[in-house]
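To keep things clear, I will list the structure first and then write my remarks on it.
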């Protein structure tokens, strides 16, 4: 045996004041180590196995008490606790004590009447190898009750962040720490160094257990949360998908270039074949083998043969549908009856507007009830309270200089300018002013205040103001000015200094769940409402947890989130309105020392509604501009004398009214059947129907003006005949658009679905009213014009007569004489094809790089205070949105396997629910999940002395609350989960327990006692868990792309957790874990919006092809060319969106669906005009269609849309500017370019043939022309006879 430096207890250390345990010190005694026997030997084995020792049994008892207290802190990591006990056991009981210990100070101590020399200070020598290893095993051990690290409470002023092995041992050897009975000077000696060591000293160099090793006593390895070495080797997070690449460059660029080359090659090949065929034809003609007249396909005159009516098929007749019916309809109908009959159904439908429901809730607007995010939100809100309403200020003080504070406990600390006492007091005054808001509530019929609507987690039934959840820095002082001003002198490590609010603040931001700080101030860190204030909710703009250098203060008021039908919802809105008034008044105060941003939960909706109301005049001006244009452009001005006669002001007004009637009828109908409307519908549908309706109006009116009334033909007959010419074209476009939008109603997005349905019916109603009411209006106006009556003042007539010749205006001759010939010149045609092929391929490339999403800032007007709030939020907030991992029914938490599959304490599964969430904090989660299961385990820990049972008396076997001191309350030594979980969560016991974190997190589990086991005696009911949740925090998220990626990653993690937990015995196969936070319902759409958009646009394109083919007599080629042009418009639109910074989202999708409808107007009229042309060559037919119909399309669609769209550029709302001005401008310009430039050229190359001696012609065209020519000749013959 070796020698002891001291032995046996000598009494109490006279140099130490009050301590947590009696500071008993040993006697100086240099003697051989004692052999242990009997009970003494058994007691030593409990602490440290050895047969010789330098400690007595009383010393062993004191050592055990000391180790028990440390074990309560370090028990989560058995190897750490073992190393801690091992060191102190070596110092106290080692048989070679004299080799590792040198006594430095003794005092005479009187104990039990005897005076002995006691050791009150000594040096302990150990190797740095052992010291470092022991420190490493303990440095990551957490204390769930405080949320901090155990090492932080055992390192004095340095805390966990600055703690080192030397500082850790210095604190343990400091007799002023309340635990050490004497001063121990720990000397850490590098291994192999002997210089400077006292003679005979051999530094202790035993083996320190690693935290991922088991202990000799059978302790398990520490959990991953407490020991990084215990964490399994996780595969690195998958790298972001690399961009698609081919041949070392952008793959989409390569594909676009290949397509460009392919299309250009195919076009050149086509031109070459055509040239070769023409050369061959000329050679054949030169040899006398030509086809002769009537057989030329693309260049020579044709001799038309007579068509017998029996040759016309039923399908071909559909091409001219309407010619023979509309004229008789107009002729035989009473015009006023027609107007009345058209108005009656509109009025009946419009009455439904009394029941219209306007959807403003963003959740209902953009998230389908059947979507996964909505279902998960409903599940969460069913079992837990809905996400509370947030009202927040983020305050800064730019220009304020900071200061340095030399803390007794924490050393020298730098404080930023905003972390100053005067600003904290000013913040407290503002907070108090807001908390004291009172207002009259009509719904409650009394004065209301914050306590009526606030989120009060610990007293939800009858809260007071101090029960309301308010998170701020002053809450570390319980909103008490006295606590903030408190000061006290304190002695630490022999140094006495004054400690104040700064010491308390430093401690609380590192241990926010502490009920008492380590200063002599003795203040709690918990908020006055009983919950912790985590530092990221109190301060912002700091780096690496350097809270004292924060650049911002955060003040947050949380309100309950009620259903919109609940009267308290209106009360919450009123409180938020008062909150905004106070904050805005405070911001205007010149004495305010803060620069800040703010928001209320209602702010987003308020700002959207405000800008919508402010932009209504812009929309009205837009419609007025369109109306003025229509009224002026429809007029036929033959002379200055007839300008008031030939104007079409009333016709234009009638056209606008028809559009308005159709929109009102559509909205009324859907209001009748309960389909809600939205602001998007109110803004977009009238604009769309106006574009469609104006085009049809222009085509009809211009066709009438260009026509000459035949001899003997009545006015109504002429209008009917003209209508018969244009009605099929109007029908083609209207039916295509209406079917297109009805199919768009299959969308799963509520906003897109409702828009498509409203637009489809409005377009259909517009066509029907144009065929009835507008025709009657035009007929009445024609009667006025024939009678030379002035418009608006019909009693005034002019003497100048209307010339009996067609009025072509200036646009038709211009396009016929200049535009069409230049456009369809051989060189121009080639240039146009090449340019548009290049545009298509370039847009395909750009389309794959369009940004998907909608940043919430874009929903705000440019002058909104919310934009400043978003800037502050992204700059100063250090964590993202809180997210819950919610469990459904079917998992048994009462079994050991079930508990291990969830918890993160020692002995838990390495891949448990909370462990997997912990692993995810290295990527997209900022803070690991709070776990009620781990809190429950700590509650059951015998060291906590929380879970006790009565052992005697009438309550024997029942729960004994912690505030009861009866001696017959026994601490449980084992975990009986199925029996005692109810004690932890039972409502009747909930209020009896002390206010701890358990009371807060128990809100995260729902327990139902429904499964009773009758086979056992007595009968026991086991708890069932229909739902529980575990809260974590995302990393800071700043844009829709990051929010969407976070949602996707959280779902992947939840799915992985679900698969793992389903493997635990007793788990239901339908058990599921899913992530939930308030933003998921908004950003889920971006996970599927690309395929959703392709599906919707494809559905819209399909009817444009089918209807075109059917109404053109199964003209498949015309249908395909029509479809191709519309597809090109949509693709080019998306390409320009990329160039102009317009993101792709649900609002953009609505506009793209609209683009299909408007493109039909630009394209289909021209396609039908080309198909009906009987000119001999493709080029001539294209010229005729471009001049006749192109001029009407340009005047009716392009020039109707452009003035109204340009006015929208002055709107305040960014959404209007981007998605209605920019995007609609792009759609209109591209539609005009493709419809009036590309399509005529395309038809001139690939359009349907009109050869009369082949099977490729439509006989109905020639039969109709044949009858018209015959009628003209007969009228001419009758005139000569007369």
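Even glycines carry a Cβ here, placed using N, Cα and C.
Curation plays no part in TrEMBL annotations; they are all automatic predictions.
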303-328, 329-354, 355-380, 381-406 - the one TrEMBL records as transmembrane segment: 329-354
Correct range for transmembrane segment (source TrEMBL, candidates 649-673, 799-823, 874-898): 649-673
Segment assigned the feature transmembrane segment in TrEMBL (from 559-582, 583-606, 679-702, 919-942): 679-702
The transmembrane segment (252-273) versus listed stretches 616-637, 649-673, 830-852: most Cβ pairs under 8 Å: 830-852
Non-local residues, at least 6 beyond the ends, that sit with Cβ under 8 Å of the transmembrane segment (756-780): 326, 330, 333, 335-336, 338-339, 341-343, 346, 650-651, 654-655, 658-659, 661-663, 665-667, 669-670, 675, 677, 681, 684-685, 688-689, 692-693, 696-697, 700-701, 704, 715-716, 719, 723, 727, 730-731, 734-735, 737-745, 747, 1096, 1153-1154, 1157
Stretch of maximal Cβ-Cβ contact with the transmembrane segment (1192-1211) [cut-off: under 8 Å; candidates 679-702, 830-852, 1093-1113]: 679-702
Cβ contacts under 8 Å made by the transmembrane segment (616-637) with residues that lie 6+ beyond its boundaries: 643, 646-649, 651-653, 655-656, 683, 686-687, 690, 694, 697-698, 701-702, 705, 807, 809, 1195, 1199-1200, 1203-1205, 1207-1208, 1210-1211, 1216
Per-residue pLDDT averaged over the domain 'SSD' (615-780), given as an integer: 84
Other parts of the chain folded back onto the transmembrane segment (830-852), taken as Cβ under 8 Å at six or more residues beyond its ends: 244, 250, 252-253, 255-257, 259-260, 263-264, 267, 271, 823, 1040-1041, 1044, 1086, 1089-1090, 1128, 1131-1139, 1141, 1143-1145, 1234, 1237-1238, 1241-1242, 1245
